[in-house]
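Per TrEMBL, the features are:
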- 1-17: signal peptide (SIGNAL)
- 41-62: transmembrane segment (TRANSMEM)
- 83-110: transmembrane segment (TRANSMEM)
- 225-246: transmembrane segment (TRANSMEM)
- 266-285: transmembrane segment (TRANSMEM)
- 305-327: transmembrane segment (TRANSMEM)
- 348-373: transmembrane segment (TRANSMEM)
- 379-400: transmembrane segment (TRANSMEM)
- 444-466: transmembrane segment (TRANSMEM)
- 472-490: transmembrane segment (TRANSMEM)
Amino acid sequence: MAIFAVLIFLFLGSVEGFSTKSQPCTYSKDKTCKPALANAIFSTLSFLLGGITSVVSGFLGMKIATYANARTTLEARKGVGKAFITAFRSGAVMGFLLAANGLLVLFISINLFKLYYGDDWEGLFEAITGYGLGGSSMALFGRVGGGIYTKAADVGADLVGKVERNIPEDDPRNPAVIADNVGDNVGDIAGMGSDLFGSYAESSCAALVVASISSFGINHDLTAMLYPLLISSMGIIVCLITTLFATDFFEIKAVKEIEPSLKRQLIISTVLMTAGIALVSWVALPSTFTIFNFGTQKSVKNWELFVCVAIGLWAGLVIGFVTEYYTSNAYSPVQDVADSCRTGAATNVIFGLALGYKSVIIPIFAIAVSIFVSFSLAAMYGIAVAALGMLSTIATGLAIDAYGPISDNAGGIAEMAGMSHRIRERTDALDAAGNTTAAIGKGFAIGSAALVSLALFGAFVSRAAIPAVDVLTPKVFIGLLVGAMLPYWFSAMTMKSVGSAALKMVEEVRRQFNTIPGLMEGTARPDYTNCVKISTDASIKEMIPPGALVMLTPLVVGTLFGVETLSGVLAGSLVSGVQIAISASNTGGAWDNAKKYIEAGASEHAKSLGPKGSDPHKAAVIGDTIGDPLKDTSGPSLNILIKLMAVESLVFAPFFATHGGLLFKLF
């Protein structure tokens, strides 16, 4: 972060050669704006603020989760309803903390920066974009590092424990078991939290940048200007009401009520939020106003903005439910995958991959429709607020998402503490529901990332003064090709990192089983710390190359090839990244739940495939192990790749517009 902050300062300060004189504004040349040096200083500040907020949110989330997991196990003695409430409430704490933190820091920094910028809102909100960059760059390391950490441990524990030694999951004799349980917190809570925080910060920034050069900014109408923040604060109130439905209004008595209750959360929050958005749009916005649309001002009515936000909100719900259909073992897609385990691991892998590719279709249409409608109504601002609409119920989304790893850990604690079989069954039921909701959360993250990065892309194109992005010019087309390749390169790096870390882990676990006498009999304790060390070292070392790839690409392309090529790279990475991210997440989720379906043996069909240890079950475990890096490392990290490159290009746009394209200037 420190290195990157210096880079931001140097690049943006050099735009006007570090001069302290006021400049004519970028969009309205007749007015004077604050110098580029001020923009450099304040962008660097907001970058650091965004990064720190992101880190703090992840840290607090992990703290809450580690408090909550043992409490959930203890509550499970009283029944599944009590355990559910404990796990869900602690997830909600994390959700609200993150949503409120993001909003608070953003609001305070806008007001503090205003003391210096005064009436120059264009410069003010350009400097604020650093906040989104800070949030996302930390999220990248949280996601990639956390993903490598958790999956190295998970794959190592599963391969040696379940497949070779036939001991149950989370058995304390397994040396990798602690690392595996820690990993759930690192990847799913710190990673997911900072990821959604990043999306949220960026969509707010994209909306604010576009608004500052529209009539809101030109007429200095503060209430309308802060419309994006008002949506989010409405979201916090709505989510507060929604969580009461899960914990206080309806009591959960039986296992089968868990998943419907979590799904009800999404529906209730979406319906209430729609009313909330209508209220905010009616109160905060003037009845007609103009929105900047690539050089012209487009006239928009306040109900049109309401439609933009609402369509983003409902598209999020659609993506969530499609994801659930493809990854929950209550429906036919996962049951077909489980059935294919009869003939071994190969057919399981084929069916799983096919399911992942197929699950892309409806989410992409949902994203496409919301882009078309919101762009037609309110240009790029429409897309930015659509992304905010999708993220407005972030508190509820994170609550049902953080609930997953908490109940997963609770099961691990029950197993390691040697508690009765009944308790383990209850925590497993909580965990199975949590797996599906985690997949829904990833769907939200990917869908919102697509909208956010498109909005940022639009803001970048306006800021870098590109008249039109023409695919037929060679500069842009080569950018498209390279951009579409980047998600593959990035996935290759993350997958390989997980693979090599898992290899070390497997060797260590085998070594302990072979050399420590009495380990299998349960008389000697394994060396847990060694496995935790392997995971920690691997994740810290291995997250640097993929991180560098994402952080440096826009800088290199923008400086050497210029803004047109960079716009091609951004478009290409967006288009291919979304597809890989959705398919990877859903393939992995389906394999995981197919294995759980066979293990639970709830239906006649499931009983015919297993008990644990049967051949179909072993095939399912192999599928699940392949899916682990897909669904928890490369899939979810890709949405950060898409967003981060776009927001970084926007922050550095002033530099690229004046000094970029060195190679083409030479010839």
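Here, residue 1 is simply the first one shown, and the rest follow in order.
Heads up, the Cβ atoms here are built off N, Cα and C, so glycines get one too.
In TrEMBL, annotation is done automatically, which means it is predicted and not curated.
If one looks beyond the signal peptide (1-17) by at least 6 residues along the same chain, the residues whose Cβ comes under 8 Å of a Cβ in the stretch are 23, 35-37, 39-41, 43-44, 47-48, 51, 130, 133-134, 137-138, 551, 555, 651-652, 654-655, 658-659. Sequence-remote contacts of a segment are chain residues at least 6 beyond its ends whose Cβ falls under 8 Å from one of its Cβ atoms, and for the transmembrane segment (41-62) they are 1, 4-5, 8-9, 12-13, 94, 97-98, 101-102, 105, 109, 113, 116-117, 124, 126-139, 142, 185-186, 189-191, 193-194, 197-198, 201, 402, 651. Tertiary neighbourhood of the transmembrane segment (225-246): same-chain residues 85, 88-89, 92, 95-96, 99-100, 102-103, 106-107, 110, 121, 200, 203-204, 207-208, 211-212, 216-217, 261-262, 264-265, 268-269, 272-273, 276-277, 279-281, 284-285, 305, 309, 384-385, 388-389, 391-396, 399, selected by CB-CB distance under 8 Å and a gap of 6+ residues from either end. Below 8 A, the CB atoms of the transmembrane segment (348-373) and the transmembrane segment (444-466) form 3+ pairs separated by six or more positions in the chain.
Remote same-chain residues near the transmembrane segment (305-327) are listed as 227, 231, 263, 266-267, 270, 273-274, 277-278, 281-282, 285, 333-334, 355-356, 358-359, 362-363, 366-367, 369-370, 373-374, 377-378, 381-383, 385-393, 435-436, 439-440, 442-444, 446-448, 451, 585-586, 589-590, 592-593 (criterion: CB distance under 8 Å, separation of at least six residues from the stretch ends).
Long-range contacts of the transmembrane segment (444-466) within its own chain (CB-CB distance under 8 A, at least 6 residues past either end) are made by residues 26, 126, 129, 132, 192, 195-196, 199, 202-203, 205-207, 209-210, 213, 292, 294-295, 312, 315-316, 319-320, 363, 366-367, 370-371, 379-380, 383-384, 386-387, 390-391, 397, 563-564, 566-567, 570-571, 574, 578, 581-582, 585, 635-636, 638-640, 642-643, 645-647, 649-650, 653-654, 656-657.
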